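For reference, the structure is listed below as structure tokens.
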Amino acid sequence: MLKILKYSFFDLMRSRWSYVYFAFYLLLGIVLLFLNNDLSKAVITLMNVIIVLVPLIGTIFGVMYYYNSKEFTELLLAQPLKRSSIFLGQYLGVALSLSMSLILGLGIPFVFYGLFKSTAIWDFSLLLITGTFLTLIFTALAFNIALSNENKIKGFGYAILLWLFLAIIYDGIFLMTLILFEDYPLDKLSLVGTMLNPIDLSRTLILLKLDISALLGYTGAVFKQFFGTNFGLIVSFIMLTVWVILPVLRIVFKSMKKDF
Amino acid sequence: MKTLIIIFSVILMTSYTHASQIEVCNTCPISTLKEAIAQAKDFDTVFVKKGTYKEYDILVNKPLTIIGENYPVIDGELKGEVITITSDNVTIDGLFIINVGTSYTEDYAAIRVKKSKHFVIQNVVLEKLFFGIYLEKSSYGKVYHNKIIGDAVEEYNSGNGIQLWYSNHIEIEHNYVEHVRDGIYLEFSDDCIIKNNISAENLRYGLHFMFSNDDIYQDNTFENNGAGVAVMFSKKIKMLNNTFKENWGTASYGMLLKEINDAEIIGNTFEENTIGINIEGSNRMVYKNNNFINNGWAIKVRGACYTNLFIENNFLYNSFDISYNSKVNDNVFDRNYWSNYTGYDLDKDGVGDVPYRPVKLFSYIVNRTPETIILLRSLFIDIIDFSEKVSPVFTPDNLLDNNPLIKKVQW
Amino acid sequence: MVSIQNLHKKFGKNQVLSGLDLTISEGGIFAVLGPNGSGKTTLIKAILGMVIPNKGEISVLGENIKKSSNYRHQIDYLPQIANFPSNLKVRELIKMIKDLRQNTDEDKRLIELFKLEPFLDKKLGNLSGGTKQKVNIVLTFMFNSPLIILDEPTTGLDPISLIRLKDLIQTEKAKGKTILITSHIMSFVEEVSDEIVFLLEGKIYFKGSISELKTKTNQPDFEHAIASILTDNHA
């Protein structure tokens, strides 16, 4: 698997898309710092951008890579290699190169701006960790979509739909549900609703950091335990990990059964 | 004229010669404070040497100066009130009072001043107390540089740090109060100055006052109190340069204003509170040059607030800047700096070219269904907030800052 | 060498292989023939483990291939359409495949044989179809495995390279290896193969030598023999 990972990774590293992605983050970081003149404010803006953009790029890039490397995959399949290593290797190759573009692209301008001397360093690390988690999750989801759809256009369509659903529509439905059932105790429901969507989950992590004062204004005991202690942070990270593991398991499972 | 001076100096000299000093120590002829007070004449000075004195119900009924040297301990042994002052012109300085009695029927205090004037209480340390310093119908006094450290756990069986009741013209300065019920409590007390105090980690309010007019609060720090600071039913208050920090919780505010009229709130800092200022039924107030940093809600307007002016404040990184629960607005927001402002300044005059709308639709939704707070910062919420910004339906449409500043306000 | 029992494979509603039995003994050249869609490529991919059968068993060199990938060390496979990652250079591709399988020096001889030196530093995306096929052949023949599977090996080759390929196949046969070929070029099949396997509608219609086929169909030459099978069954 490590060999496949190595080749996928280097293959991607020399493809111009990684550079585009890297350059995009570099630019975003520089522009935000330049416009805000303030590290903490730039980090906050970035958080809002990251939780929406990283999933989009992760899904699109994942699907694209899968379809584009079909030949490579078939070449590998005829070699004495396990299927799971081939697909996990490719998946990790994509996810890691995307994460690296993210970390370096954002990290470089912020480090030059004096991140290490700033109090925003923890917020920024949380941002990068969340971004990496989201990349891992959405690349895995993209691979799942691509593995299940031979048709490229259909695959892309589903990928965009998935992003649209999790980034926007889900929250709309979520909000409607909460308002409709406002007469009932809702704190458990709202927490469960958050857990079921990785974008919301990452948002929660960021809320814990930025909006703890507002969150603690709510009365529910479950809420209070979740946001008032480290419990929320731990549960969120566990759930994010589960969100990585489940789609990855499905990649392994699906790839075992697929014909090429 | 000359004769007048002579008469004055004669009076001064006689009073000086009359005033004598009394020493109290564990091995002295006078070994208790009570004995010393009994023997002292008016305007005497009682020096209390280092040591432990197990006494309570000490009544100071003549004008005396009681000075502790190296913080002698007055141990009330939890039996009742420790010092009660009933005379004018009393000074208490440098005592360490512990173990005030706790009662459900009487408010025992470490030091109580009753119907007296011109008193000074300074450099006193209070620990294991019920009530700390209790001023009752007293005026023209000074409470200066005291340290009050309680160990309150429950509201019902704990008392307040510094309490004023029908006491006017009092100066409360440089005190430090923590872990009591209310740090500083004023009721029916006018023309007081409360300055440079620190009130932290108290069970209920850092500062609590009701029916007290024309008071000035200045340079105080209120931090991490159960419910922040509550200011109610008062007029013409000045609150200047105070800091309200980390008051977190469901019913917790940096400051709660209820039925306050004609007050000035200038130069204060509200940082990391669940609600920076909660305003209810308050009119003709001026909010100027305040910093609202990282609060859940910088300002929550609950209704019946008219002709208030919010000018040149900094709103930095609050989850919500302003929350309104009605569609009517009669308050003015002008020339504030909003970190959430996304407009531009093409003519470079330091004022944004598009007005800022500080009330978000989402804050209206959260008011209605509090659980929806979990959707804060969601893209969907940003979208509906944007549409509300373009054409307000649920929020007051004249609630605008027409001159949002591009750079932080400095003063 | 390879034994297949009761192999079934369905793609959606399309039954491609239905109860195929085949035994290929060690040594010699076997040609798998059949009309379009008869399941030739599916059969080969099933042997390679790229297509998962619905039913049936396949064993290569006595080892059941289900849930195993190691047996592929014993197989050299030449895929039908030479599609390679276009970002890679020829040299890197060869190096990578060696890295993934095992090291060998045979590639140098083969590169020389097919005159590939000028292309070594070119990206695979920029190569012509014929050159790609040559690279494909190098990748296949550089390992010394007992079973060689060639799917349409002649595609895009110029006459000289074709002759070299035939020589190569004969040398490998002489080493006692088993070679499995599919091709549409009947003359090529006739020239190289010892035995043919004819697939029709997912089953083996005929297995034996070319002369046996001619006798069976009463046709003087191989091409007509094949054609007669098809007309008999489809007309």
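Any Cβ shown, glycine's included, is placed from N, Cα and C.
Copied from TrEMBL, the annotated features are:
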- A:20-36: transmembrane segment (TRANSMEM)
- A:42-67: transmembrane segment (TRANSMEM)
- A:88-112: transmembrane segment (TRANSMEM)
- A:124-147: transmembrane segment (TRANSMEM)
- A:159-181: transmembrane segment (TRANSMEM)
- A:231-253: transmembrane segment (TRANSMEM)
Whether the transmembrane segment (A:20-36) meets the transmembrane segment (A:159-181): three or more C-beta pairs under 8 angstroms: no
Contact call for the transmembrane segment (A:231-253) and the transmembrane segment (A:124-147): at least 3 Cβ pairs under 8 Å, seq gap 6+: yes
Long-range neighbours of the transmembrane segment (A:124-147), counting only residues six or more past its ends (CB under 8 A): 43, 46-47, 50-51, 54-55, 57-63, 66-67, 87, 90-91, 94-95, 98-99, 102-103, 106-107, 110, 115, 155, 158-159, 162-163, 198-199, 202, 205-206, 209, 240, 243-244, 247-248, 250-251, 254-255, 258
Spatial neighbours of the transmembrane segment (A:88-112) far in sequence, C-beta under 8 Å, 6+ residues away: 1-9, 11-13, 18, 21-26, 28-30, 33, 39, 42, 46, 54, 57-58, 61-62, 65-66, 69, 73, 124, 127-128, 131-132, 135-136, 139-140, 143, 248, 251-252
